[in-house]
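Some notes on the structure that comes next.
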Amino acid sequence: MIFIDACFRKETPYTPIWMMRQAGRYLSEYQESRKKAGSFLELCKNSDLATEVTLQPVEILGVDAAILFSDILVVPLEMGLNLEFIPKKGPHFLETITDLKSVESLKIEAYKQLNYVYDTISQTRQKLSKEKALIGFCGSPWTLATYMIEGEGSKSYAKSKKMLYSEPEVLKALLEKLSLELIEYLSLQIQAGVNAVMIFDSWASALEKEAYLKFSWDYLKKISKELKKRYAHIPVILFPKGIGAYLDSIDGEFDVFGVDWGTPLEVAKKILGDKYVLQGNLEPTRLYDKNALEEGVERILKVMGNQGHIFNLGHGMLPDLPRENAKYLVQLVHAKTRR
């Protein structure tokens with residue numbers, strides 16, 4: 001698999017490419033599948049439809065890897081927090097974590113309740129071409145904790161940060177509990193058939209450097225270290241969004257570092273490029289215009305050269321991006337990097 005070879009810095013015939021949120025609303029096929037499911041959460045839980053959606057970008061765009069269609073919040077959902085997705089607003093938990101008692105009341109071994117995810121993986125792997133990789137994923141402990149404490153997405157993360165500074169032992173208990181779940185959850189994804197795993201730390205930038213390293217990065221390192229110990233042949237990709245200023249403190253046992261669009265690739269390459277393969281980091285809105293897209297691709301390839309790079313966006317696909325430009329991006333990267 002070209003994608004897996006690239007994760008381990010092996011020679012590849014061209015630079016592989018896939019896109020975060022490549023299965024999404026910009027594809028009419030996705031919208032049809034979602035309509036059949038009835039809701040976003042039901043789509044995640046319906047393995048047949050989730051498989052369909054996972055495969056769509058590979059078939060339509062020609063990307064080098066499929067990423068499991070699911071949501072990071074299925075873990076807290078199965079730990080006992082009722083979850084709903086409100087149209088035009090996003091996820092909302094009906095209960096939140098407020099103290100040590102609420103942390104202790106969370107169910108353990110929630111990963112055993114996620115068979116619908118593992119079924120999607122095994123179905124997808126059976127239908128996916130042998131040359132194409134399947135990526136599994138989860139959210140980081142810190143990012144999941146913010147949703148569980150705030151109840152929804154937040155601009156200030158005030159409740160989470162208040163807990164971090166005034167009751168750090170409560171937050172640590174939650175992060176520890178989540179870390180244990182996520183290690184087993186990703187392990188079961190690997191056993192079900194994924195070829196790589198990725199951890200999304202979407203709200204990494206909410207924390208100052210010292211707090212980030214202690215309350216997020218340390219837990220990411222713990223998870224990735226255990227996964228590499230168990231499955232050395234499976235690449236681990238970490239994507240902490242918005243921490244470009246903290247790169248000099250990044251270390252740990254993982255293979256690929258996801259670079260967001262706000263971090264110049266030349267900076268990431270200088271600091272991390274010898275240790276980790278870099279993934280990223282085209283600004284997604286460049287896909288609105290072909291000239292802007294071409295300029296962005298040219299700039300990235302000039303910095304990254306032939307090895308140590310997986311092409312991706314610096315954040316997820318937007319719902320109204322033209323699909324023909326997404327397809328063109330894949331063709332362009334393949335053509336320009338063919339060796």
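Every residue gets a Cβ built from N, Cα and C, even glycine.
According to Swiss-Prot, the features are:
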BINDING   R21, Q22, A23, G24, R25, D71, Y147, S202, H315  substrate binding site
SITE      D71  site 'Transition state stabilizer'
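Comparing local CB density within 10 A for the binding-site residues R21, H315, the maximum falls on H315. H315 (substrate binding site) sits 16 Å from D71 (site 'Transition state stabilizer'), counting Cα to Cα. DSSP classifies D71 (site 'Transition state stabilizer') as coil under the three-state reduction. A straight line from the CA of R21 (substrate binding site) to the CA of D71 (site 'Transition state stabilizer') spans 11 Å.
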